[in-house]
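For reference, the structure is listed below as structure tokens.
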Amino acid sequence: MHTRRPYHVEDAEKYCLEDDLVNLEVLDEDTIIHQLQKRYVDSLIYTYVGDILIALNPFQNLSIYSPQFSRLYHGVKRASNPPHIFASADAAYQCMVTFSKDQCIVISGESGSGKTESAHLIVQHLTFLGKANNQTLRQKILQVNSLVEAFGNACTAINDNSSRFGKYLEMMFTPTGAVMGARISEYLLEKSRVIKQAVGEKNFHIFYYIYAGLYHQKKLSEFKLPEEMPPRYIADETGRVIQDITSKESYRRQFEAIQHCFRIIGFTDKEVHSVYRILAGILNIGNIEFAAISSQHQTDKSEVPNAEALKNAASVLCISPEELQEALTSHCVVTRGETIVRANTVDRAADVRDAMSKALYGRLFSWIVNRINTLLQPDKNICSADDGMNVGILDIFGFENFRRNSFEQLCINIANEQIQYYFNQHVFALEQMEYQNEGIDATPVEYEDNRPLLDMFLQKPLGLLALLDEESRFPQATDQTLVDKFEANLRCKYFWRPKGVELSFGIRHYAGQVSYDASGVLEKNRDTLPADVVVVLRTSENKLLQQLFSIPLTKTGNLAQTRARITAASRSLPPHFGAGRAKVDTLEVIRHPEETTNMKRQTMASYFRYSLMDLLSKMVVGQPHFVRCIKPNDDREALKFSQERVLAQLRSTGILETVRIRQQGYSHRILFEEFVKRYYYLAFRAHQTPLASKESCVAILEKSRLDHWMLGKTKVFLKYYHVEQLNLLLREVIGRVVVLQAYTKGWLAARRYKRVREKREKGAAAIQSAWRGYDARRKFKKISNRRSESAVHIQAGLRGLPDHKSSPHTESNSGHTETSSSPSVTEKNRHSQAQSSPKGYDVFTGYPNKHAVSGTDLLSSGLCHAAAPGHPGPGPSRGAPAKPGSENGLAQKQPTPRRRCQQPKMLSSPEDTMYYNQLNGTLEYQGSKRKPRKLGQVKVLDGEDEYYKSLSPVDSIPEEDNSALPFFFPSSSKGASPAQH
């Protein structure tokens, strides 16, 4: 749901009453004509008749179709803007999205009234409304009409861009309203235009486009097309076709536009090149001429006097020229199991040539449509075609009445009769029938019912088309016998035969009387294509051409969407095609066409009947929306309004009756159950489930403040504007619900976010706490390891003293060792320290040493040196007297430096024990003075730290004990030299 500004029904006050003919107080033809003319002069070409749109052809470009106008007609109330073709497209789109139901937009009117351009604009606006993420798909859909119309439209006497086929375009949408694909159905292509055009008319547009494009690309010779003499199929009575093609820039630009369409939609370059070759082949086939030759046994045999045209056609189509000539000038007849080859007359050969050209173009057009459908089919990953919804757009050839009307005009006008009947059924018949069934008191509206006329055309076995098929099966039947059969069997007021004209008959259509020329009607209806031609075309090296004549035709005369695999058993060739035939792909079919396409039984009339049935089956599925196109004048001049011509069209289409029934009647009839289910939000709470009863419907209608509604037995009867008002009110209510949901969802999301954020903060705090603990333990471990390393270095420095017995002072004073001893070290400690190191074990290396001296002897020797009077000891300063109170000083030794990673020194001497005892005491003393630190806190250690001071031998040991250990703690005075130590 889109949240927009709420809509208010009161906006209807701004509605211009002149925009809708239903608001007229006086309903007659003069008032309606005056109103339409007044608006047309002001360039207001659109007018409403209730929910039906009238569109007058302006014959000029109007600047009211830009994207800015598309935004104006997007989901707004119809009365908010002037009448527009975009409003009809938006109404169909909104009904599809709101009710989840297929829609159908029927565009009808005479030839030249602007139906094709209206279909373009509707497709343009629907692609705008159903914006999809796939921008390429939208571009493809917009290019489809241009490509198909280049192959299916032509210039006629009354319309420069007349549709010569029926087109039903289905745009497919997802349940949410996004366009996801498209599909085209084509009906009743006027193939006879390929071979012959009336005076003042032209062939299909694509022939002129491709000729101009190849001329400017200098590729005419590649496709065997002449540069000076125009091909017979596009030549006219003026003889200036080539000059117009080469000089007009419009043809060249159109050719470039067609190339762009092919590329955007997804055709490969190889496919496009094959299409061009087939088109060029058709033009070359038209140049083949025949001449009669006489022989001894046969006088009606034909031949091709100009072999160049034949070779050119065969070369472009990639077939053998000999086989092509044989297929054109002869035919096979199978009699009693024998195949007989018979020659064709000149007229017969010309008919075969033209039939071949028509078949080539018709099948090529059908293949292009099927290829477009394949490239535009919905993506199954997005949404399947069954789950989506469609908006169908019918753009069919308009009613025609030329000076000479033939079989093509008859089929076109019958199709328009069917569309008019469809309109009458939905606007008049069904509505008034429900009035009677539901007990509604309504004034019946008289209208012209064309059902009897349709029965005259379509019923069996005495309908006009059935009689035409019956006469076509007789080989000896002629056009004269056909007209006589019509006159004998069609005895009704709608059929008449002009006096003084033999091959002619007249029909009184809903749009007026039309006289038809019966010349050639039988041959056009048979539309036979000899099997010999089909077999030759299947041998082409052009894969596309093989495919065109291998796929069977459907009942509507079009190529089947999928190809059928044909077994090799059915590949029986006529005998005169057996030798010298090129190899063909095994999937391609080479057999008699009657086996697959039933050519003998299928006629143009039967194709036409099945086409109408198929078209109506598509249209009746969706809810209809009507656009009635009006041609203001026959001169195609802007701002020129012919009251006579407009009045004739208004009468034929029943506009006056439509105005009356829209003013008096109820165009929307909804079952109680569906009405309550759709609109109960307007009068009940969301959690309530009201019953599908009259009371519930009345409550909803009264709550909505609607008037002029009626209730039947099972249905609610509403005016054409009631549904729009109800939908706007419903959208306003749902808009409020959406806003409320948005605020509630926002509050829930904010609360959920707050909880998640708090949880994340707690998690972050737990992670930070764990990390800080881990980091503190890691740092403490590092400090402990550093202290251990420092202790090891200190031990290494102290243990690196030279051997006592190797010192000269020790040797000179050895005699005094036994006479004195240190009172500070008891005999018990000396004995225990001496026992701690086994005799003969070196405490520096850890290996046995036979020269090792016990710690007791070393200590005694040191003490004797310290006690000798007058002898300069190795103290801090030479000749320095011993402190009073200290007994025998210890002789100090020069420490030997130790290398890193050397084996640590073992503690074995009494001196070491005494040092560490005093060191431990000092550390305990310093530790007692420290303040406790928090876990993980790292103290910055600098040179003033008391801990490091305690590691200094001079400062850490108390004053009274320094004199007693001169041997281990040498003075750090600057005056001391190494020699003094």
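Quick reminder: no glycine exception, Cβ is built from N, Cα and C everywhere.
Annotation comment: TrEMBL describes 16-731 as domain 'Myosin motor'.
Annotated ATP binding site per TrEMBL: GLY109, GLU110, SER111, GLY112, SER113, GLY114, LYS115, THR116, in sequence order. Packing around LYS115 (ATP binding site) is summarised by its Cβ count: 26 other Cβ atoms lie within 10 angstroms of its Cβ, all protein chains included.
Sequence annotations record features per position, and here TrEMBL assigns region 'Actin-binding' to 612-634. Using a Cβ-Cβ cut-off under 8 Å and counting only residues 6 or more beyond its ends in the same chain, the region 'Actin-binding' (612-634) has close neighbours at 36, 40, 49, 51-57, 59, 85, 88, 91-92, 95, 99, 101-110, 112-115, 118, 122, 158, 166, 168, 170, 185, 187, 390-392, 394, 398, 414-415, 418, 422-423, 426-427, 458, 556, 640-642, 645-646, 649-650, 653, 655.
Here TrEMBL flags 785-843 (among others) as region 'Disordered'.
TrEMBL lists 809-838 (among others) with the feature compositional bias 'Polar residues'.
Feature annotation from TrEMBL assigns region 'Disordered' to 864-912 (among others).
Per TrEMBL, region 'Disordered' is recorded for 953-981 (among others).
Annotated compositional bias 'Polar residues' per TrEMBL: 970-981 (among others), in sequence order.
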Other CB atoms within 10 A, centred on SER111 (ATP binding site): 21
Beyond the site residues GLY109, GLU110, SER111, GLY112, SER113, GLY114, LYS115, THR116: chain residues whose C-beta lies within 8 Å of the centroid, for ATP: ASN57, ASN159, GLY398, CYS629, LYS631
Cβ contacts of GLY114 (ATP binding site) (under 8 Å, same chain, 6 or more positions away): ALA55, LEU56, ASN57, PRO58, CYS629, LYS631
Cβ-Cβ distance under 8 Å to GLY109 (ATP binding site), same chain, at least six residues away: LYS115, GLY398, PHE399, ARG628, CYS629, ILE630, LYS631, GLN649, THR653
Residues in the region 'Actin-binding' (612-634) grouped by DSSP into helix, strand and remaining coil: 8 helix, 8 strand, 7 coil
Packing count at THR116 (ATP binding site) (other Cβ atoms within 10 Å of its Cβ): 21
Cβ neighbour count within 10 Å of GLU110 (ATP binding site): 25
Set of same-chain residues at least 6 away whose C-beta sits under 8 angstroms from GLY112 (ATP binding site): ASN57, ILE158, ASN159, SER162, GLY398, LYS631, ARG636
